[in-house]
Structure formats: C-alpha cells, structure tokens
C-alpha cells in the first residue's frame with residue numbers, strides 16, 4: 001500500500017486482476033483504488049476471508065455483510081490509497097458495499113459524515129501536513145500541540161512511532177510480544193511455588209497483627225483461590241488504569257501531562273498497529289510491578305500478599321498477550337476472541353470513551369462503559 005503519501009496512478013482492469021490473482025487485497029470505491037494487502041489480516045475475520053477467497057477478488061473484505069463500518073474506519077482506508085481505475089473499468093474489482101454512490105456527493109463525502117455516536121475527535125490525518133515532524137522523535141513534540149493534542153492523538157495512522165532520540169531509551173520503550181511471556185512466566189511459576197510451599201508451613205494467619213485469638217489460619221489449599229483472587233483484582237485494576245489513567249484528558253496548557261499521556265497510552269491510539277508497542281516493555285514494567293508488590297506487602301501478611309501478587313502478575317501476562325492478539329491475531333468468527341477483537345477495534349476507531357475492557361468486558365457492565373452489542377456487530 002502506498003498510503004496517503006503515494007502519488008496517484010492509473011490501473012487497468014488486467015493489472016488489478018493480476019494483483020488479485022497473486023493474493024493482493026484490492027478495494028475499489030468508485031474509481032479510487034486501495035491496496036489493503038498488509039492490513040486485511042488485522043481486521044476481524046480478514047484472515048479467514050482471504051483463505052476462502054485466495055487468488056480471487058477480495059474487495060468486500062472490509063465492508064461486506066453482515067456489518068458496515070464507522071466513518072473513521074473509512075477515513076483509515078485513505079492511508080492505503082494507491083491510485084485510480086482507468087476510465088470505463090470502474091467495475092473491476094467490484095465496489096466495496098459501503099462505498100458512497102455518486103448521489104451521495106450532493107451532501108458531501110459520505111465518509112465525512114460522522115455518526116453522532118462516534119467520537120468527533122476521530123478524523124483522518126495526512127502525515128505530510130501533520131502537526132508534528134514524523135522524521136523526528138515524537139515524545140518531545142506532542143506537548144506543544146496544546147489544545148490540538150486531544151484531537152490529533154485520536155487520528156490513527158498505520159506507521160511505526162519513534163519516541164526518543166537516544167537509541168538506548170528507544171529500545172527500552174518497545175518490545176516484541178513474546179519477550180513479556182519469556183520474562184514474566186518463569187517469575188509467575190517460581191513465585192507460585194514459593195507461595196504454596198510457604199503456606200504449607202502453616203505459619204500464615206490473617207488478621208494476626210490485630211488479634212492473636214481470632215486470627216484466621218491460611219492453609220496451602222487456599223492458594224489456588226488466592227491466586228484467582230489476584231487475577232480478579234488485576235482485571236479490575238486493568239480497567240481502572242485504562243479508563244482513568246490511560247484515557248485521561250491532559251490539560252491543554254500542561255506540556256508535561258500531555259507528554260506523559262502520550263508516553264503511557266496516547267502513542268498506542270495514534271498508531272494502534274505498531275507491533276513493537278502493543279505490550280509493556282519489561283524494564284519499565286518491572287518498576288510498576290515492584291510498586292504493586294510493595295503495596296500488597298504493606299496491606300497483607302508477607303506470604304498472603306505474595307500469593308495475591310503472583311495471581312495479579314499472571315493476570316497481567318494474560319492481559320498483555322491478549323492485547324497483542326486482539327491487534328494481530330485472527331480468531332475464528334463466532335468465537336469469544338473474535339467478539340473481543342471486534343469490541344477492541346471499535347474502542348480504537350469509534351468509541352474512545354467506552355469499551356475499556358481488554359482481556360474481559362466484565363467491568364464495562366457495572367461501570368456503564370459497555371459498547372452496545374448491536375453497535376460493534378453491525379457497524380464495525
């Protein structure tokens with residue numbers, strides 16, 4: 001895909017057919033032609049559709065039954081614009097089902113008509129005329145955007161982000177998904193063994209710091225339940241952090257809070273498919289994990305706090321693996337993970353102020369931030 005920066009060119013029907021036969025995913029909207037070969041697999045159901053229609057036209061891959069797309073998803077499409085169909089050959093490939101008809105032009109471009117439920121901050125962005133210099137690290141630029149930052153950061157692009165001038169800092173700010181599992185899974189296993197064997201000694205009692213007579217012994221058989229409690233508490237913490245920290249709206253006048261927001265989560269919404277920034281790098285993660293370990297040690301007896309902590313750590317690993325999969329995996333349609341992927345895509349492209357659950361949608365229910373099911377099923 002050439003993206004919005006590519007110089008327009010003309011394509012003949014024969015050339016389009018040849019590309020499709022080689023496995024390309026070409027989408028036509030009237031005469032405008034888009035190459036989504038590198039993106040369609042990231043779309044819910046895209047991988048299965050390509051396998052079913054290998055070597056054929058897959059123009060309906062991103063806009064066919066049973067759903068339609070949000071206006072912001074159509075703006076995202078513009079990044080993959082590669083040129084125009086030659087005059088008289090507009091029917092190859094067939095137009096995407098959601099492509100506006102010529103009559104739609106009377107009221108302006110249909111893609112520019114944002115549904116009222118859609119976050120109005122979401123618009124397309126031309127990196128050539130953007131508010132920042134993409135040839136330089138972004139972290140120290142975004143703070144100067146001021147009141148324009150909140151709108152800018154919710155205009156997603158499909159390109160990698162560089163944060164720091166320093167190569168060392170830059171390498172510490174991103175990581176491959178499997179590094180998280182390699183680093184933290186052994187820690188979870190080791191601490192689980194330590195917790196269980198410590199509880200087996202029979203010296204752990206709850207409320208012993210308040211009363212000796214009525215303190216409650218914590219047996220080793222309780223460990224699985226304490227572990228699950230830790231995972232449950234992590235899921236709540238995950239929701240609260242995502243909603244109230246990652247999605248805070250920094251004051252337009254505060255350079256440092258804008259910079260902090262972009263470092264923590266804004267970068268992910270600006271470039272949601274930057275594969276190196278979808279999981280938490282181990283070095284900064286260890287600082288946060290160490291903080292929560294210290295809090296639990298202050299609140300609970302040492303072994304009990306460790307047992308809750310290791311359950312929460314396991315929950316974090318599952319969360320990070322799930323988050324990566326929701327962006328780059330291809331779950332089978334109709335499965336729980338397919339619905340969760342569609343749900344998360346809606347959070348990125350249409351519902352920035354809701355849909356904060358990642359590994360589970362459970363907490364979106366009691367906190368009333370659930371994306372309506374009919375919305376993400378019919379208007380994906």
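The backbone N, Cα and C atoms fix where each Cβ goes, and this holds for glycine too.
Among the ranges 137-157, 200-220, 221-241, the stretch that TrEMBL annotates as transmembrane segment is 221-241.
Range with TrEMBL annotation transmembrane segment, chosen from 243-263, 306-326, 327-347, is 306-326.
Cβ neighbour count within 10 Å across all protein chains ranks 347 highest among the binding-site residues 269, 327, 347. The stretch in closest packing with the transmembrane segment (306-326), judged by the count of Cβ pairs under 8 Å and taken from 176-196, 221-241, 278-300, is 221-241.
Only residues 6 or more beyond the boundaries of the transmembrane segment (278-300), in the same chain, are considered here, and those with a CB under 8 A from a CB of the stretch are 172-175, 177, 179-180, 183-184, 268, 306, 308-309, 312-313, 316, 320-321, 323-324, 327-328. Its own atom aside, the Cβ of residue 242 (Zn(2+) binding site) has 19 Cβ atoms within 10 angstroms in the protein chains shown. Around residue 265 (Zn(2+) binding site), the same-chain residues at least 6 positions away in sequence with a Cβ under 8 Å from its Cβ are 242, 245, 246, 247.
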